[in-house]
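S.K.: This is the structure I want to talk about, given as structure tokens.
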Amino acid sequence: MAASIRTLALKVLSDSTRNIHHVSRCRIRHLCCRARIAGCRGYSDSTEGRSTHFGFQTVPEEEKAEKVYKVFESVAKKYDVMNDAMSLGIHRLWKDTLLHIMNPQPGLRLLDTAGGTGDISFRFLEYTRSMYDRQQRLKAKSHQTPSWQDIANHYVSDEAGCPQSRAVVCDINKEMLKVGKQRAEKAGITTGLSWVVGDAEELPFDDDQFDIYTIAFGIRNVTHIEQALQEAFRVLKPGGRFMCLEFSKVTNPLLARLYDAYSFQMIPVLGEVIAGDWKSYQYLVESIRKFPDQETFKEMIEDAGFFCVQYFNLTGGIVAIHSGFKL
């Protein structure tokens, strides 16, 4: 599995990124992590008196979620436009790469956590439909001179139709979901997609429900990353896959200096000009610097109970894709 993922990732990224770091070591973690996960829905530890970061600010834990909510409530209508402006459109390649590495098959169920305006879910449904069409074309080529039985089987399979892939976009912010629903309507996406208001730290789903869990540019905004990872583990089916696309640690010193200069000097300005909101995009830049580096985050995913955890650096480590499995 690790070898096939590495080969696929190298093929996909050859034109868009030159620095892919693939960590393929599968490390067996302590069984005690399962015990922690079993009780993850009953989080009873009080957050009163504890502090955390909100960008470079230190704030009480109970205040961070509200502050993050206000950030995304403020930028929701311009969120997709700003993504294009800030990344010069490269975020589209990063998300496409996530799907190619995921390589989902028709009929799977995706939970797109912190899914916001639906980018990952839209790609997932399109990818699985394209995969089904490709499988049908290959099947047709293999039966150039079909027998009567092949023809009968073909009609039966046509009646059954494409296995229904399903995507659930789950986000705590109602304004982001509202924009996502409007995008889906404009794109004519009416089947296989649902929208749920929910907190990544306490997901409103039963155990063992999803084949794939994704969180793209969202996990750095949660107050307790470990708690969100445990929830991801809980809702995945055995054999399910966790995938996270997130800003990370730039590996090249020269690129890091250029990236810092661009981030702090240009992104808040773009936020003010395009979205009328300097502070929200200042927070975005600062939150990226507070997020754990690739190796630290990999260990956090392993501690949550996932196996065969690996990551891929994209665009010199500006972002990274982390992947793990629930066995």
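Including glycine, each Cβ sits where the backbone N, Cα and C put it.
Those TrEMBL annotations? Automatic predictions, nothing curated.
Among the features that TrEMBL reports, S-adenosyl-L-methionine binding site is placed at Thr117, Asp171, Asp199, Ala200.
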S.K.: Check the binding-site residues Asp171, Asp199 for other C-beta atoms within 10 angstroms of each C-beta and report the one with the most.
M.R.: Asp171
S.K.: Which whole number of Å gives the largest C-alpha distance between any two of Thr117, Asp171, Asp199, Ala200, the residues noted as binding S-adenosyl-L-methionine?
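M.R.: Value for the max Cα separation, rounded to a whole number: 16 Å.
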S.K.: Just counting, how many other CB atoms are there within 10 A of the CB of Thr117 (S-adenosyl-L-methionine binding site)?
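M.R.: I get 24 for this one.
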S.K.: So how many other Cβ atoms are close to Ala200 (S-adenosyl-L-methionine binding site), meaning within 10 Å of its Cβ?
M.R.: 23
